[in-house]
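Enquirer: My questions will all concern the structure given below.
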Amino acid sequence: MNLENKSAVILLSGGLDSSTVTGLAKASKAKIFGLSFDYGQRHKKELNSALTIAKHFAIEEFKIVKLDLSLWGGSSLTDTKKDLPIEGVQLNTIPNTYVPGRNTIFISVALSYAEAINADLIGLGVNALDYSGYPDCRPDYIKKFQELAYLANKRGREDNPIKLWTPLIDLNKEDIIQLAFDHNVPLEKTWSCYSGNLKPCGKCDSCRIRQTAYKKWQIKQNEY
């Protein structure tokens with residue numbers, strides 16, 4: 001996708017997926033505006049990775065929005081009294097790492113930011129193949145939110161809508177790693193683990209998904 005002369009707000013968590021989307025946008029010559037959230041997550045270390053990726057790609061602007069979802073919890077990512085699941089990804093089950101309404105909130109804020117700066121796109125690292133079963137990472141969710149974006153702001157009503165850009169939506173993690181290699185994404189600077197420790201736990205769903213892909217690419221874990 002040619003994004004030259006386009007501007008994009010990228011939801012940049014510091015993880016593998018959002019960092020790869022940032023690399024794709026950079027290679028496509030878009031003006032990139034990064035947006036991260038300090039939402040009371042136990043793995044706040046991801047924000048350091050997000051800042052590192054923003055600097056690596058020399059993006060136009062990078063903002064961290066403080067939005068404390070730990071005030072009401074509801075997820076093991078925002079409530080440390082809840083244990084992280086370590087039994088591996090369970091098919092047809094939404095794990096307790098799901099944060100209620102998180103993507104809806106984040107994309108809504110990104111939509112406001114994008115309209116304020118007259119951006120053309122919102123870049124999201126969601127993918128429907130290698131994910132933990134979250135309801136807000138699926139194609140039907142993205143489709144419906146795009147419909148909402150048409151209706152919910154001035155740009156949409158003037159038939160110049162801000163579009164949700166999801167280049168990874170149909171890719172598995174091995175494919176995403178290939179894109180990361182191809183687009184100068186420093187994998188060792190990204191962060192996926194949910195545990196909140198200084199080093200990846202290797203047991204949470206996010207670590208397991210990443211490790212499986214790493215093994216297929218024969219990447220050593222010390223290159224995490």
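Just so you know, glycine gets a Cβ as well, placed from its N, Cα and C.
Look at Swiss-Prot and you will find LEU12, SER13, GLY14, GLY15, LEU16, ASP17, SER18, SER19, THR20, VAL21, THR22 tagged as ATP binding site, backed by sequence analysis. Annotation source Swiss-Prot lists Zn(2+) binding site at CYS193, CYS201, CYS204, CYS207.
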Enquirer: Work through the binding-site residues one by one (LEU12, LEU16, CYS193, CYS201, CYS204) and point out the residue whose CB has the fewest other CB atoms within 10 angstroms.
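Expert: Taking LEU12, LEU16, CYS193, CYS201, CYS204 as the binding-site residues, the minimal 10 Å Cβ count falls on CYS201.
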Enquirer: What whole-number Å value do you get for the CA-CA distance of THR22 (ATP binding site) and CYS204 (Zn(2+) binding site)?
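Expert: Rounded to a whole number, the Cα-Cα distance is 25 Å.
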Enquirer: Within 10 angstroms of the C-beta of CYS207 (Zn(2+) binding site), what count of other C-beta atoms is obtained when all protein chains are considered?
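Expert: Taking all protein chains shown, CYS207 (Zn(2+) binding site) has 21 Cβ neighbours within 10 Å.
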Enquirer: In the same chain, which residues outside the set LEU12, SER13, GLY14, GLY15, LEU16, ASP17, SER18, SER19, THR20, VAL21, THR22 have their CB within 8 A of the centroid of the CB atoms that define the ATP site?
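Expert: Along the chain, the qualifying residues are ILE10, ALA50, ILE53, GLY125, THR190.
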Enquirer: Please give me the CB contact count at 10 A for THR20 (ATP binding site), counting all chains in the structure.
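Expert: Result for THR20 (ATP binding site): 28 neighbouring Cβ atoms inside 10 Å.
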Enquirer: Other than CYS193, CYS201, CYS204, CYS207 themselves, what residues in this chain have Cβ atoms within 8 Å of the centroid of the Zn(2+) site's Cβ atoms?
Expert: LEU84, SER192, TYR194, SER195, ASN197, PRO200, GLY202, LYS203, ASP205, SER206, ARG208
Enquirer: For CYS193 (Zn(2+) binding site) and THR20 (ATP binding site), determine the Cα separation and express it in whole Å.
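Expert: So the Cα of THR20 (ATP binding site) lies 17 Å away from that of CYS193 (Zn(2+) binding site).
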Enquirer: Have a look around GLY14 (ATP binding site) and count the other CB atoms within 10 A of its CB, chains all included.
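Expert: A 10 Å sphere around the Cβ of GLY14 (ATP binding site) contains 24 other Cβ atoms.
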Enquirer: C-alpha of THR20 (ATP binding site) to C-alpha of CYS207 (Zn(2+) binding site): distance in Å?
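Expert: Rounded to a whole number, the Cα-Cα distance is 17 Å.
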Enquirer: Sequence gap of 6 or more, Cβ distance under 8 Å: name the residues on the same chain that satisfy this around SER18 (ATP binding site), in order along the sequence.
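Expert: Non-local contacts for SER18 (ATP binding site): ILE10, LEU11, LEU12, ALA50, ILE53, GLY123, LEU124, GLY125.
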